[in-house]
Amino acid sequence: MIRSSKRSPLVYLTHATVLFLVIIWTIPTAGLFISSLRDKDQLAVSGWWTALSTSTHMEVDRAEPPSNQVQESDHFVIKGNILHGKSGKISKFGYSSLHPQAYKAGEVAQIRNGQTLQVMPNGDYVLSSPTQWRGRNGKRIFYTAEIPPHFTLNNYKVVLGADGLGQSFINSLTVTIPATVIPILIAAFAAYALAWMRFPGRAILVASVVGLLVVPLQMSLIPLLKSYNWIGDLFGVSSKTYVGIWLAHTGFGLPLAIYLLRNYIVGLPSEIIESARVDGASDFDIFRKIILPLSFPALASFAIFQFLWVWNDLLVAMVFLGTSPDHMVLTGQLRQLMGSLGGNWGILTASAFITIIIPLCVFFGLQRFLVRGLLAGSVK
Amino acid sequence: MEQLASALVYMVIGVSVCAFYFYGSNFLLDKLFPTKNRAVTIVARNLRITTRIRPWLFLGPAIIFLTFYLFYPVVDSIILSFYGRAGKEFVGLSNYSWLFSNDEFLESFRNNMMWLVVVPTSATFLGLVIASMTDRIWWGNIAKTLIFMPMAISFVGASVIWKFIYDYQSAGNTQIGLLNAIVVFFGGEPQNWISMPFWNNFFLMVILIWIQTGFAMVILSAALRGIPDETIEAAVLDGANGIQIFFKIMVPQIWGTIAVVWTTITILVLKVFDIVLAMTNGQWNTQVLANQMFTWMFRGGGDFGRGAVIALVIMVLVTPIMIWNIRRANQEMEGR
Amino acid sequence: MADVKLTHVKKIYSNKVEVLHDINLDIKQGEFIVFVGPSGCGKSTLLRMISGLEDISGGTLEIDGKVMNDVPPALRGIAMVFQSYALYPHMSVYDNMAFSLQIAKTSKADIDKQVRKAAEMLQLTPYLDRLPKALSGGQRQRVAIGRAIVRSPQVFLFDEPLSNLDAALRVATRMEIANLKDSMPDSTMIYVTHDQVEAMTLADRIVLLSGGNIEQVGSPLELYEHPANVFVARFIGSPAMNIVPCRIEKTGESTRVSLSSSEVVEVPIVTEASEQAKEAFFGIRPEDLSVVDSKEQGFISGEVAFVESLGEATLLHLKVKGCQDMVIAKQPGTLSSQRGDFIHLAAEPEKMHLFNDKEQSYARLG
């Protein structure tokens, strides 16, 4: 826009500032994602940013127990791999906690009474003794290893298998899909009436929609909960049903839907609608054959809004659907996990990522419509 | 899966019911007052009648939903606020007097005010700055997408993300929370950010700012691009520098949009609930109105009267914005 | 058959603003009528009232002898071409033209026949499958016209159909509309424009509106040669007619007036004796003035304040003593006159116009 500043240092400053801000904005999510792919034990002892590069760790592990020893000529030998199949390269090792780095990998350490320990860089070790090994536990081996970045899907396997998250995922979908689709049709008809039909009270209705746009959801909760309980008692059914939450989300989403769609529809060229009228189309024909096809972008953007809002909602779901296992949505589940296993970052990060992955896909896939909808709703 | 299938079936049924209503009512109207193949005078009369009825057929379902889910609850909340915990016995103003002498309420009111000042201001300001900067660089769109992204993340998801950033391990242990790791790296003492009195509120606010800045940025960026280039070129010719152009030429031209962004975020802030519930559940002096209201709704079987009073406070706080919005919409309607 | 008759037609908006007062107009079948006037004169509103898109607040509208005030647009036997074409952007050219017939539940075969016929007529056949956005402005306008033709209406209504086209295309499309009229001599056409050239070239009769009133109805040449009042005189023709305030000195078979510039002119227009000594307005078109050598040969003189050379003609703006407005003379070819020259102008007496103090033409009153 301002070409005159093109060669000034200001431009580099701009690049640097934006880069800095982008990093700040992305790091939290990136951290979550990377952590969710790490081994849960590592997660608890080192920052996720260390997982990206090869790191040097001092570790301790036990060798195979004496019961696994074999006799090779005159020696009793215990063999195994101290890394247990994990990738990594051992640089140093030792047999006592006082000198955990006493020997280089490949050297043979003399323990006592002719017992020796040899650890190869790939983790293979040989414990050898002229007499039989005794005791129940394996010998402790201290080692220093270069461990390359290591990622695993284990957290996701655990989370999706147990802990009800899989069920919650399905519950969330069950809530979201109808709650997104049902309001669209109702809102589109209302929006057309408010935009292009002439009738007394139209201005008041438009003003009401704008007013209801900001009514806090909290207002509605108690009266609706009362009504739901009453209706539930009346028909002898539970007050916490999927139908109930679909209708609730429809009601709460309608003001925005009507407002967005009306703003869009009122902006369609009036001559097109008049032309259709001259062509003999009734309001119903005009709506079906002209308005609906032309409003596709607005319909899409509302659908995205509603989808994100319903999927991400916690409040409405907790009040109208409750927290029983076959009703618990993802956000509720995640919130409960946060309370119950605050320190288990492996499960928490994987669960969090599962809850945000669908909205993120929707976001990246349909961003164009989302932005258009935002603009229709705000810049007028 | 079975459940999902039934959801899909319900969705199809729901949509069909809607479609059936609209088609059916239209069909009925056409049958009762035919406007085709009749004498011109009858057609004219029928047409007058149908044009009078049809808007209400179109609006009917929407009006029913809005009335039941939003309008009636506002009225009922006002009534409930004069009743006791189960909404049965009349207690006069005692819910109100309880409210204003309740320390937790005063605390959440104070916190809400801080949220109201800090979050909309920061998000709008950051959004404006980022919008103006990203418009000038070639990778601006990528930057915008990344900054806009948190918008798609739920408040609970964002809470997990940030709880991880704020994680605290006692001194001497390896810090796995990024913030404490940085503090330790520069030689500081690790802090338990979430329970740090007073300041912990701001650490919660950061989460909402992180989510909302993208929204402000997208809208303000469109507004900035809508500014006629000529005014900026004229300012360049008049010898204004970049900063002067930004604050004296560009910002004044988008005041209207800035106000809209500001009020939209303000409304959101008043309703914020999930973040506090998930991060602290109101402990360590971080209570806010919406969360307090939720607590009262369910505490000990629920106290509807007190919950309604708190909801009314939120409503009163939103009202000025509502009136402003309605007046703006009315002006727009008259403009047509 | 398809006469259009407006009797005491009025338009009052809901905010009590009356935009059309007592319009009376009789349009015969097959006529090409142009509503012309400055913006805000009510010409588009009048057309939209005929189409049924605007309610009629008072008076009656008859089409083909039937009162149409309350009849919906689709049943009035009209078709309308809009300024912005108003094509349905999501439908192909074919579907655009077929839409009204589909609504009327015409059989598929009939629709196809009608659409193809209209497309043939307007050379649109190769484009039938395209969407409007893939067409040029001129093609879009032809589709809009085709959409009107398909309905075989009794009355065509055109609402400024050329104003969105560029100058060259406007001339070409204007000729197409003229051809269209020739090929459908029985259809009545009503055409709204603010451009007097379109009005002059297309119209059988022009209806000149101003401020919600009809100023004059007549053939293009009638309006040019015998304007009913100062407004019409100045609206038709470019540059506008020179109007000089004057005083009537002698009435009778021909009238003698003294101009405000103190010259005296004999105008061959009849005036009543009662007009003696009244204030009046003398009018002469710039193209009817010619430069003469001496004061005696001419009737008005002035100093050249400004010269505009257009190539095929030269416009001289003259400052005339006693006149507030400049007098403009349009001379063929190029002239050597310069700013500051003092020149004399003459005119044929029969080209002169005379209006009374209420700006009405004496020629038509007499």
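Cβ atoms are placed via backbone N, Cα and C, with glycine included.
What TrEMBL says about a protein is an automatic prediction, not a curated fact.
Remember, it's a predicted structure, so these values are computed and weren't measured experimentally.
Below 8 angstroms of C-beta separation, residues 48-49, 51-52, 349, 352-353, 356 of the same chain, each at least six residues beyond the ends of the transmembrane segment (A:12-34), sit close to that stretch. The transmembrane segment annotation in TrEMBL covers A:12-34 (among others).
Feature annotation from TrEMBL assigns domain 'ABC transmembrane type-1' to A:169-366.
The transmembrane segment feature in TrEMBL is assigned to A:175-196 (among others).
Sequence annotations record features per position, and here TrEMBL assigns transmembrane segment to A:203-222 (among others).
Sequence-distant contacts of the transmembrane segment (A:242-261) (same chain, six or more residues past either end, CB-CB distance under 8 Å): 174-175, 178-179, 182-184, 186-188, 190-191, 194, 209-210, 212-213, 215, 217, 220, 224, 228, 295, 298-299, 301-302, 305-306, 309-310, 313, 316-317, 320-321, 327, 373, 376-377. What TrEMBL records for A:242-261 (among others) is transmembrane segment.
The transmembrane segment annotation in TrEMBL covers A:290-311 (among others).
Annotation comment: TrEMBL describes A:345-366 (among others) as transmembrane segment.
Non-local neighbours of the transmembrane segment (A:290-311) in the same chain are 172, 175-176, 179-181, 183-184, 187-188, 192, 196, 249, 253, 256-257, 260-261, 263-265, 268, 272-273, 276, 281, 330, 358-359, 362-363, 366, 369-370, 372-374, 376; each lies 6+ residues outside the stretch with a CB under 8 Å from one of its CB atoms. Below 8 angstroms of C-beta separation, residues 194, 251-252, 255-256, 258-259, 262, 315-316, 319 of the same chain, each at least six residues beyond the ends of the transmembrane segment (A:203-222), sit close to that stretch.
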